[in-house]
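K.L.:
Reproduced below are the annotations present in TrEMBL:
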- 95-228: domain 'Sodium/calcium exchanger membrane region' (DOMAIN)
- 260-397: domain 'Sodium/calcium exchanger membrane region' (DOMAIN)
- 1-50: region 'Disordered' (REGION)
- 67-90: transmembrane segment (TRANSMEM)
- 96-115: transmembrane segment (TRANSMEM)
- 127-148: transmembrane segment (TRANSMEM)
- 160-184: transmembrane segment (TRANSMEM)
- 196-215: transmembrane segment (TRANSMEM)
- 259-278: transmembrane segment (TRANSMEM)
- 290-317: transmembrane segment (TRANSMEM)
- 323-349: transmembrane segment (TRANSMEM)
- 356-377: transmembrane segment (TRANSMEM)
- 383-404: transmembrane segment (TRANSMEM)
Amino acid sequence: MASNQECLLENGNPINDTREEEEEVNHHHGRTARQMSASSLRRKSDPSLANGVQNRHLKQLLVNLQVVLFGTKLSVLLPTIPLSIIAVCYGFGKPWIFALSLLAITLLAERISFLTEQISYYTGPTVGGLLNATFGNATELIIAISALSQNNIALLKYSLLGSVLSNLLLVLGTSLFCGGLANLRGEQKFDRRQANVNSLLLLLGTFCHMLPMLLRYAGDSAVAVDQTLQISRAFSIVSEVDGDEDVQEDVAEVGFWSGFSWLFVVTTITALLSEYVVGTIEDASRSWGLSVSFLSLILVPILGNAAEHAGSIIFALKNKLDISLAVSLGSATQIAMFVVPCCAVVGWIMGVNMDLNFNLIETVSFALAVITAAFALQDGTSHYVKGLVLILCYIVIGICFFVYETPLDRRERKVKRGV
C-alpha cells in the first residue's frame, strides 16, 4: 500500500485526485481525451422535431438529424455550409468562399469527432482505436490530401506545421495559463509519464524533420533533393505512430449504420469545403494583405480545431489537467507522427514529391516548440507562468512568419504584381 502511495505521489498525482480521475475515466467509456474535449461544447438535443411522427424510420431519421446537426453549441455555424456552396456556384469573391468554408470546417471537425465516438461504442476497442486514429485528425488529413491533389506542397506543410505549433504552444499554453489562474491557491499536477512519452515521440518527429533538412546542406543540391525524398519516404514508413490514448464513456446517441452514413456525409462535405479552402487561400491572402504562410500556419489550424481547443481549456479550468494535456500533446503527436508520414506516403502513391524537409526556419520553429513544451512539463506540475511563456513563444513565431517572406509568399507577390 505504501509503495502504491509513493508511486502516485512520485508522478505528481495525490491519492484523492487520482481516484477522482479514475471515476471520471470510468464514466466516459470508449472515448479518447480529444473526444472528451470536443464534447465540452456539445449540448443535449431536444427531440421535438420527431414529436407526433408515427413512421418509425422517419422518426429515427429526424432524431438523428437533430442530434447530428444541432447537438453542439457550434450549430450556429451551420448556415456557413450551404452559404459556402452557394458562394462557389454564384461566383462570389474568393476571400468570402475561403472565410465561409473555414468556419464551416470548424463545425464539421467537431461533428466528425462526435460521429467517430458514436461508432466506436459498437465496434470494440480495437476497431474503435483504429477509427480514432484515422478520424482523430480527419480535418488536417483531408485538407492535406486536398493540397496534395492540387500539388500545393508548401500550403500542406505550413498547415500541418501550424497544427503542431498551435497545439504545443497556444492550446497547451492557454490551458496551463487559465488552469493556473483558476487554481492559484493550489498546485496543479498531472501524470508526467504520459507527457514524457508524448515529448519523446515529438522529439523523434523532430529528428525525422531535421535530418532531411540538413541533408540539403550536406552535399550536391541536385543529388540531395532526390536523397531527401527517399529518406523522407523511409522515415514516414518507419515513424507512423498513434499518440492518442483511450479514455472511457456511456451510451451512444446514434445507431451504428446511421453513424456510418452520417460520417460518410460529413466527411464528404468536409472534403469539398477543404478543396474550397485550398483553392481560395491565395486569393484571400492577396485580398487581406496577409501572407499565405501566415494564414495557413496560424488561422487555418486554430479555426480547424477550435472545438477541441476550447474543450482543452475548459478541462484545465476544472482542474482536469491530464485531459487537457492528452488533447494538446496527443493531437500534436498524432499530426507529427501519423498525419505527416501519411501525407508523404499518399503523395508517393499519387506521384507527388512530398518530403519531410520543412525548410530551415520552419524546422527550427518546430524543434524549439517541442523542446520548450518538454521543459515546461518535465516536473509534473503546472503554473500559469509556464502557460504564459508558451503563449508568448507562439506569438513570437507568429510575428516571425508575419514578417518573414517565404518562397510561397515571394511567388504570391510576383503574381500580385503581374510578373
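Using the three backbone atoms N, Cα and C, a Cβ is placed for every residue, glycine included.
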K.L.:
By Cβ distance under 8 Å, which residues at least 6 away from the ends of the transmembrane segment (160-184) in the same chain are close to it?
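P.N.:
Sequence-remote neighbours of the transmembrane segment (160-184) are 137, 140, 144, 202, 296-298, 300-302, 304-305, 309, 312-313, 315-317, 319, 321, 324-325, 327-329, 331-332, 335-336, 339-340, 343, 358, 362, 365-366, 369-370, 372-373, 376, 382-391, 393-394, 397.
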K.L.:
Check the transmembrane segment (356-377) against the transmembrane segment (96-115) for contact, please; criterion is three or more CB pairs under 8 Å, pairs 6 or more apart in sequence.
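P.N.:
Per Cβ check, the transmembrane segment (356-377) does not touch the transmembrane segment (96-115).
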K.L.:
Mind checking which residues of the chain, 6+ beyond the ends of the transmembrane segment (67-90), have their Cβ under 8 Å from one of its Cβ atoms?
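P.N.:
Result: 41-45, 96-97, 100-101, 103-104, 106-108, 110-111, 114-115, 253-254, 262, 266, 269, 272-273, 276, 306-307.
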K.L.:
What are the DSSP helix/strand/coil residue counts across the domain 'Sodium/calcium exchanger membrane region' (260-397)?
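P.N.:
Computed counts for the domain 'Sodium/calcium exchanger membrane region' (260-397) are 115 helix, 2 strand, 21 coil.
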K.L.:
With DSSP as the yardstick, break the domain 'Sodium/calcium exchanger membrane region' (95-228) down into helix, strand and coil residue counts.
P.N.:
115 helix, 2 strand, 17 coil
